[in-house]
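According to Swiss-Prot, the features are:
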type	residues	note
REGION	1-31	region 'Disordered'
COMPBIAS	1-13	compositional bias 'Polar residues'
TRANSIT	1-36	transit peptide
MOD_RES	ARG37	N2-acetylarginine
BINDING	TYR60	chlorophyll b 1 binding site
TRANSMEM	102-122	transmembrane segment
TRANSMEM	154-174	transmembrane segment
BINDING	SER159, GLU175	chlorophyll b 3 binding site
BINDING	GLN167, PHE264	chlorophyll b 5 binding site
BINDING	ASN219	chlorophyll a 4 binding site
TRANSMEM	222-242	transmembrane segment
Amino acid sequence: MAASSMALSSPTLTGKPVETSANPSSQELGGARFTMRKSATTKKVASSGSPWYGPDRVKYLGPFSGESPSYLTGEFPGDYGWDTAGLSADPETFSKNRELEVIHSRWAMLGALGCVFPELLSRNGVKFGEAVWFKAGSQIFSEGGLDYLGNPSLVHAQSILAIWATQVILMGAVEGYRIAGGPLGEVVDPLYPGGSFDPLGLADDPEAFAELKVKELKNGRLAMFSMFGFFVQAIVTGKGPLENLADHLSDPVNNNAWSYATNFVPGK
């Protein structure tokens, strides 16, 4: 959407001729040269027939949604025309919130999988030191330490500081690479960097890529709600998500959100 070079409408600036170099991304003003990096988003527009973009896109209440705010035009994925709090009215704030939502969505999807998958394997005979997600970390303080996947030959962790430092270094390196645009500045959009982050080439087709952005946000929003539910379950029941699901299916009348909410006593 944004251009990669600057055009000057007048041949002079402050009375001095302006010479343009052969490189369209650099200019000379007097004796000084400056170079401009490609801006943050090179936009690939979805087809006008997409149900997820444009003025005729799917809205939050379908045909009963009413008129969307003027600043919600259907330009971005996940825009259902709903913003009663006006959080998207300021373009700069909206841009920051979009990035926060996408990043948190990705972490939530990974987190939800990490909460459910070990418990699922444990219930099917795979041995874990502790399969319940909010109890697993405490194993590092046990005498034997924490074995990843219950296998001491993989990662045998006995220092919480070492685990913390390793996560900061590895996660920080990847995030730094994404935000900085890669070592050569080849990443145009830090939200959807592509390149090494897309080894399968899922973003090669613009229309498919536009639809994948919507799917990512829809699943990410569900995952964020799921993680919130997992936290509440852990506090109220002291059990993992699959065990809570099994309890509900075995006795839905006594094992549900309402019964726990009306009988919950903090600290018990």
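Glycine is treated like the rest: Cβ placed from N, Cα and C.
With SER159 (chlorophyll b 3 binding site) as the anchor, the candidate binding-site residues are TYR60, GLN167, ASN219, PHE264, and the one with the nearest CA is GLN167. The binding-site residues shown are TYR60, GLU175, ASN219; of these, the one with its CA atom nearest the CA of GLN167 (chlorophyll b 5 binding site) is GLU175. In space, ASN219 is the closest of the binding-site residues GLU175, ASN219, PHE264 to the residue listed as 'chlorophyll b 1 binding site', judged by Cα positions.
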